[in-house]
Structure formats: structure tokens, C-alpha cells
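Working notes, beginning with the structure itself.
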């Protein structure tokens, strides 16, 4: 809703340049309540969607699916650089195309930020690969590195994590293209023949620093603030709890990639309980995860000193080709590529020059790159450098899943080559095919959950019952299933009793069904939970005013009007509620005959009114106040303004008609009365004024 439906930056009347000053939700980046999610290219794509198809969701979904298809194609193309033209490349592409973790990013419209960032992430990486292959032999190499930098910038403007592609490019250059081991990296930079490598890495570092510096400056040089429910661990007073939980969360994310059986639209609140003690058994998962990661990284970076497996063939004394790539077994290519085999021959440890362009990175090279691709894009979401506004977000795994798919593929390939018997080879191959099929089936099933809001929220009840029941209550209420909606709200509050939004929504439901005393109770609880919830003050004041408790209503409206919008997640909605409070306070003064006070309040409302607020009733009441004070020119001005803001506003037709009749312009007055009757023939008030 906030990213598209109520985002003013999508509307044609809003200057398109506002996109570059506001966050993803349309709030000014420098505002204290801004989410600081600066994704102007994604918002721009939404604006184009809106210009072409309005609010029809079909076009938005089409763009998401096309972007996912483009990313899958680019990823498969990149896999060819690592695996060659064979089944392994196909397997990597199919794993990525079908992985269920992508469902949220593709089926959820706001997930487009991750898909777009991934698209330019891959374009940047492919440009840098071209730069490496042409470096020192063609002037076009600098065009390729320029393209890599521009695409990295675009990726960051789709979503923040896109800037990490510069680090991945450096890893590719050092460990894949130059095939260096960790102890060799520093000495290699001092060798004269590696000056071009040093210069390329320096350019990547410089450009990454510039992008991050500009990004930090643009968002006001300070991180965003989030509520306790968004990221409970970040709000914990215990250092031990924060540490254990933050170390555990990457383990949980990896499990979602390995076994995406349980997926949810929201993992906030208590979806992942905090780890409060060392004795928590989940710490074993954390230890196993980091141990496995370190072991895998160590052996990949270290390699073997005397002999090493090159995809099935042993090369003695570490002799390898000079262009940074190692050998592959003929068995692998003959088995998997049939007649199109182009297995390179090795004679005395030297590759034939004409075959060098077909040689591929070693298993260790691919593992290093895959681990980097899995870890580095995920680092911004780890709470390592700054707290983030979520516990787990499936869409955030869209880019890191590329590293996961490469790891699975290279692991399966290693198993296939190690297997001596044909039966075992077939078993490995068929198991991989089955994995892809199961991933695809799970994606189809998960897409069913995203068909509509009710199914989506019901699917999340077992993971995050408080949030799921609360959102389900909103859906059921919109379907006029009042009793079911009330039960859903109460279920949500059973799991988390201090949710201000749910307390307010339940109060609103009760108010709309004339259960005013109960509604007041829940509004007061909502205000107690969140004292800045302006909409709760607004509805409390309206109920009190209708009950004749004018003094209490006046105090409530005044208190609401004084609440600042600092550090609020949705300042636009807050300003709308404050404006409505002032409007109702003005009406209260008007009914008491205090027209001067009413006018002062109305003018304050106009000053605080946000762009999306519908002002026709406010303008009409301004006219009414001036009318009662016999200041007819000012009254006429505000009646006209009311009709200009909403041409079918019936009260303004009637009040303006009365003014015209009073000033002797009977024929004009008749037109407005007739128009009011045409707008609503069932409204007796229109006939009375006309009569």
C-alpha cells in the first residue's frame, strides 16, 4: 500500500524529480521517520507502470516476471563462464529459476527492488569479466570497467545491497581469473606484471567508497530507526541476546535456501524467538554453520600443494595453464556433453594454446566465488554495520541465492566426478534433477499462497501468528465478515497484546458497529501502547463529541494536533490524522458558535494538511464559518475551492447554492441545487434546499 497505492511519487502531478529525494515509501529521505530505503530506479519503474496501466496489478506482475526471466538468463550466461556449455550450466540456471525463496520477490510487487538490483548486479559482473579478459590487449577494456561501475551504481539505486557487486568483481579477478591463493595476494600486488590487477582493484575500491559516501550523505548521515516489533533483537538490552541471535539468523537464512519448506510473508516480532542463553540448542546450528563455512573457505583458499583434483583428474606438482584456469577431465565432458565435447588435452602439464579459451576455473575457484556471492550481498542484512528493519526477509535472499545455486552445482559436479560406478553417477544426477523438480513444485504451491491476501496471511499463521491474524482481520473486515474479523483481531492480540495497530483496528471495527464504549477502551489501550498514534486520538474525539462530551473531545483533539511527526514510520498518514483532528475540532467550535476559533483551527489544518489529504470538507466548513460571520466574499471563495478540489462534493453544492440565493443570484443557485439532486437523487436534504 505505502510503496504503490498511497505513494504520491507515482502520480503524474508529482514532479518525477521527487523520486530522487524521497525513500521507497514516498517519505523525504532526511525525515527522522524515513526508512532510508533509497531505491529511486525501482520507484521510477512503478511510476511507469502506473502511467501505463494505473492500479491494474497485471502490468506490475508482468514486469516482475519478465525481470526474473532476464535475471535467470543472465545468471545462466554467467554460469557458462564457470561450468562451460553443458548440463552443469543448465542445472545452475534451473536451480535459480525454480527456487521457492524467490516467490516473495517475484510475486510480491515491492520485491521488484531485489530483482532489479540483481539484474544490474549481473550486468556489472559480466562487464567486469569482459574487462579482465581484454585487459592489456584492447582499449575497450576501460569501456568495460566503466560499464561495470555504472551498472553497480544502478544496482545500488534499485536496492542498497547492489553495491556489493564491486567486492564480488574483486574476488573474481583475484581468485578466479588470476587463480591466486590467500598467501599470494599481497605479494602479487607488488609484482610489476600485476600492476593492471592492482589498478583495477583500486578503481573498484574507489568507486565503492564514492557510492557508499554519496549514499550516506544523501540519506542525512544517520541510520534509520525501527520499532521493537521490526527487529526485537536490536531492541534487546542484553548484549548476549543480541550477539547470539544475530549470529543465529544467517544460519536460519541458509536453512531457508537449503530447505524452503516453511515460508512466510513476514518474519518479524516473535517469528524467530530470541536466543537468550548459551544453553539454547539452536546455538549448535550456529556453531555447525560457521564451522562448515570456515572449513569450506579454508580448503578452497589453501588448495593442495603437491597434487590437486581438477574435476576428476589429478595434476602433479601443481602444474596448471598460465591463463588462470585449470584442467577438466575428459570423462566429465564426454559424459555430460556427448558429441559436443571439447575437453582440453594436456601434454606434459601444458595446455594447447588453441584450447585455452575453452578452459574453465577449478572447483576451488568456483567455491571461493560462490561463497563470496552467497555472503557479501547478505552482509548488509546481518545487523553487523547497522540495525535493519526486519528479522528475516525472503526477498533479501534473491541475490545471495545465486551463490547458493553455484555451490550446489559445483558440489554435485564434484560428487559426480568422484563417483566411480555408473550407478552412483546416475544417482547423483537423478537426485539433482529431483531437487529441481521439487523446488519447482514448491514454487508453484507457494505462488498459490500469493494469489490473494487472505491465502497469503493464512499461510503465515504458523510462523508469525500475531502479524498474520491481524492482517487477516483487515481482509475479513473488507469482505464484511465482521464476526470473523473480530475473532482474527482478538487472536492477534492473544499472541501479542501490545500491538497498537491491532488494538486500533479492533476499536475501529467496534466503532463502526456502534459498540462505542468497547471501541473507546481499545483506542485508549492503543494510545497507551503508542502515544503518537494520531488516528486513535481522532476516533476517540469523534466518539466523545457524538456522546456530547465536548470538553473531553476538545482536549483529545488538541492533544492529537500537538503530536510531532518525528521518528514516525508513516508521517503522511500521521499528518492526515492530525488534519482530520483539527477539522473536527473546528466543527466542534463551529457548533458552539465560536466561529473565530473555528476559523483559526481550520487555517492550522490547511497548513498541516499533507498532499494526499482530500480537503473539500475542510474548505466547505471554512466557507460555512465565514457565512455565519456574514463575510460573504470569503465564504464564496472557500465554497469554490471546495468544488474545485472535488467537483461532486454535494455539501459544497448546497452551501454555495444557499449563498448564491442569498445574494440574489437565483438562476445560478438553482443550477447547484439541481446538480446536487442529480448527484444523489435519494438525499432528501437536496430537495429541501431546492424547495
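Glycine is treated like the rest: Cβ placed from N, Cα and C.
Per TrEMBL, transmembrane segment is recorded for 109-129 (among others).
Taken from TrEMBL, the feature transmembrane segment covers 141-158 (among others).
Annotation comment: TrEMBL describes 164-182 (among others) as transmembrane segment.
Among the features that TrEMBL reports, transmembrane segment is placed at 194-218 (among others).
Taken together, the residues in the domain 'DUF1736' (221-293) have a mean pLDDT of 89 on the 0 to 100 scale. Residues or ranges marked as domain 'DUF1736' in TrEMBL: 221-293.
The transmembrane segment annotation in TrEMBL covers 284-301 (among others). Sequence-distant contacts of the transmembrane segment (284-301), counting only residues of its own chain at least 6 positions beyond either end whose CB sits under 8 Å from a CB of the stretch, comprise 175, 181-182, 244, 247-248, 250-252, 254-255, 364, 367-368, 371, 375.
Using a Cβ-Cβ cut-off under 8 Å and counting only residues 6 or more beyond its ends in the same chain, the transmembrane segment (366-390) has close neighbours at 35, 82-83, 121, 160-161, 164-165, 167-168, 171-172, 175-176, 223-224, 226, 230-231, 233-234, 246, 249-250, 253, 267-268, 293, 296-297, 300-301, 396-397, 399-400, 402-404, 406-407, 410. Marked as transmembrane segment by TrEMBL: 366-390 (among others).
According to TrEMBL, the transmembrane segment annotation covers 396-416 (among others). Proximity of distant same-chain residues to the transmembrane segment (396-416), defined by a Cβ-Cβ separation under 8 Å and at least 6 residues beyond the stretch ends, is recorded for 75, 79, 82-83, 88, 91-92, 95-96, 99, 101-102, 105, 111, 114-115, 117-118, 121-122, 161-162, 164, 253-254, 256-257, 311, 332, 363, 366-367, 369-375, 377-378, 381, 390, 425, 428-429, 432, 435.
The transmembrane segment annotation in TrEMBL covers 423-441 (among others).
Beyond its flanks by at least six residues, the repeat 'TPR' (466-499) meets 229, 264-266, 268-271, 453-454, 457-460, 505-506, 509-510, 513, 529 of its own chain at Cβ-Cβ distances under 8 Å. The repeat 'TPR' annotation in TrEMBL covers 466-499 (among others).
Summarising the annotation, TrEMBL assigns repeat 'TPR' to 500-533 (among others). Listed by sequence, the residues of this chain that lie at least six past the ends of the repeat 'TPR' (500-533) yet keep a Cβ under 8 A from its Cβ atoms are 466, 470, 473-474, 477, 482, 485-486, 489-490, 492-493, 539-540, 543-544, 546-547, 563, 568, 574.
Per TrEMBL, the feature repeat 'TPR' maps to 534-567 (among others). Sequence-distant contacts of the repeat 'TPR' (534-567) (same chain, at least 6 residues past either end, Cβ-Cβ under 8 Å): 31-33, 225, 500, 503-504, 507-508, 511, 516, 519-520, 523-524, 526-527, 573-575, 577-578, 580-582, 584-585, 588, 592, 604, 608.
The annotation repeat 'TPR' is assigned in TrEMBL to 579-612 (among others).
The repeat 'TPR' annotation in TrEMBL covers 650-683 (among others). The DSSP breakdown of the repeat 'TPR' (650-683) into helical (H, G, I), extended (E, B) and coil residues amounts to 27 helix, 0 strand, 7 coil.
Contacts between the transmembrane segment (164-182) and the transmembrane segment (109-129): present, as 3 or more C-beta pairs lie under 8 angstroms, all at sequence separation of six or more. Only residues 6 or more beyond the boundaries of the transmembrane segment (109-129), in the same chain, are considered here, and those with a CB under 8 A from a CB of the stretch are 3-4, 24, 37, 39, 41-42, 45-46, 57, 60-61, 63-64, 67-68, 70-71, 74-75, 77-78, 81, 144-145, 147-152, 154-156, 158-159, 161-162, 165-166, 168-169, 172-173, 377, 395-396, 398-399, 402.
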